[in-house]
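S.K.: Pasting in a structure now, in structure tokens, and then I'll have a few things to ask.
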Amino acid sequence: MTQEGRIIKIAGPVIIAEGMRGSQMYEMVKVGEDKLIGEIIELEGDTATIQVYEETAGIKPGETVERTGGPLSVELGPGILGSIFDGIQRPLENIKALTGDYIERGVDVPSLPKDKKWTFKPTAREGQMVKGGDIIGEVEETSSITHRIMIPPNVEGKLTMIAPQGEYTVLDDIAEVETESGTEKIQMLQKWPVRKGRPYKKKLDPDVPLVTGQRAQDTFFSVAKGGTAAIPGPFGSGKTVTQQQLAKWADADIIVYVGCGERGNEMTEVLKEFPELEDPKTGNPLMDRTVLIANTSNMPVAAREACVYTGITIAEYFRDMGYDVALMADSTSRWAEAMREISGRLEEMPGEEGYPAYLASRLAQFYERAGRVTTIGSEDKIASVSVVGAVSPPGGDLSEPVTQNTLRICKVFWALDASLADKRHFPSIDWLQSYSLYIDSVQEWWASNVDPEWRKFRDEAMALLQKEAELQEIVQLVGPDALPDRERITLETTRMIREDFLQQNAYHEVDTYCSPSKQFEMLRTIIMFHRNATAALEKGAPAADIISLPVKEDIGRMKYIPEEEFPARIKEIQERIVKECSEV
């Protein structure tokens, strides 16, 4: 069995090599004299088709292809949090120290620091029976997160040795397990192939909302922990800011942010902002619980596929520890475009708009790895991976294949609308096009943790927004003054819902995050105004007087009231609504 093949054909990121008999699908190889990292994606006879994750310019036929014998894998262990990796888990800061501002081809840097010592604290005893997923020790990796050291998924047996508390590197043996096939030495470092999902005991119903602090998402289009959401929208509609808001404020324990084929300056913004931001829950830097994977548009196309899988594998690893993880992929369209390019190089039959026929199944494989699960191990830990994928349809056309296939898989659809963004309505989530299929699942949580009437108020507000859309056609023809008074009150209420509730300023220190109880009280106040105004109208009050009530100014400003002052101030506003409406 030869361990080396020879290049016979090169087409951009795709290379065909002969003499590769005995290799396996998705095996990792090192291509050419520069030892560029690649992955076998097709085997026929003794020829292998390889996609290369680095720039292939300058490689020539006849150069060697060296097999590694294993699939493309990520290294999992202390040192992941707070790091910035490229698509194949090479730490960018270390590469910069080695090669300067530009990544040189074939640069080989260990994913995790091998010489750094971590303080290991054992939590298991010698002699106890352990199996995959059991926690045997802890490492204080950052000020926010304790890294739990687990037995690898495929190991089961008796713990014969565990290291005492002390300083160890990720390669030091910290435990030994006596299995049926011999003694397994356990290190803090684990390797896992990126294309294979990590195992779990069972999937659970997603019935706990992922609270994001964004009113439009939480109240109207909730995503559950372990759920999947898609954010399609044209250029400039606010996809990246929406993703960054979720990364900052979502109540997940760990955030994995994958910049997949987006512009370099957007990733730079994340890299500059996140280290300065404070985690609202702990007061520590937000980077302490974040992993960034940067694979910008000027990096090699093939690595986009790897970066999405790298991100989800890291997310599953932290899920297995018992943490709730949120993964932001920005943007899955760039990954689909990479698939289209490689499919074209392979001369495969194109599907719709040139995308490969397997586009839907690849997207599904990725999103299906999200979920709220009972993790493997002796203890039943409940943890989740929630995935939010941005989609950038060319020209904002939501009927294109990537958006349509994503919609079939995801249960939450936050449609961003360019016309709303042009009106400076942010987040520009179109309340008529968007939907969430988790509303029925999460209403129990809202009822028991916030208010039993949450669903009633939410549905009433949605019905009013639908009614406004119907009335808009008449308004455009004859103007608002020609409408009956009841309809004018409806239009005024929906204007308040749009401007005072749905609009949210990501850069305002108070309005950037809105707690579930504040969201509910704000919505209740607006609906309360509508009900009292309608009652006043029926008693004969003129619509013009109701619309110009002074309390409306306070309703408009309620989103800027700090959380600690909010309960008292909102009560006062609600009392004024009742008083002013009854006195009209």
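Glycine too: its Cβ is placed from the backbone N, Cα and C atoms.
Here's the feature list from Swiss-Prot:
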- GLY233, PRO234, PHE235, GLY236, SER237, GLY238, LYS239, THR240: ATP binding site (BINDING)
S.K.: Work through the binding-site residues one by one (SER237, THR240) and point out the residue whose CB has the fewest other CB atoms within 10 angstroms.
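M.R.: Output over binding-site residues SER237, THR240: least Cβ neighbours within 10 Å is THR240.
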S.K.: Given the recorded ATP site (GLY233, PRO234, PHE235, GLY236, SER237, GLY238, LYS239, THR240), which additional residues of the same chain have their Cβ within 8 Å of the Cβ centre, ordered by sequence?
M.R.: SER392, LEU416, ALA418, ALA421, SER428
S.K.: Counting other CB atoms within 10 A of each CB, which of the binding-site residues PRO234, GLY236 comes out lowest?
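M.R.: Checked PRO234, GLY236; of these binding-site residues, fewest Cβ neighbours within 10 Å: GLY236.
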S.K.: Across all chains shown, how many C-beta atoms besides its own are within 10 angstroms of the C-beta of GLY238 (ATP binding site)?
M.R.: 22
S.K.: Under a three-state reading of DSSP, tell me whether LYS239 (ATP binding site) is helix, strand or coil.
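M.R.: It is helical.
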S.K.: According to DSSP, does PRO234 (ATP binding site) sit in a helix, a strand, or coil?
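M.R.: Where PRO234 (ATP binding site) sits, the three-state DSSP reduction gives coil.
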S.K.: Going by a 10 angstroms cut-off between Cβ atoms, which of the binding-site residues GLY233, PHE235, LYS239 has the sparsest surroundings?
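M.R.: Output over binding-site residues GLY233, PHE235, LYS239: least Cβ neighbours within 10 Å is PHE235.
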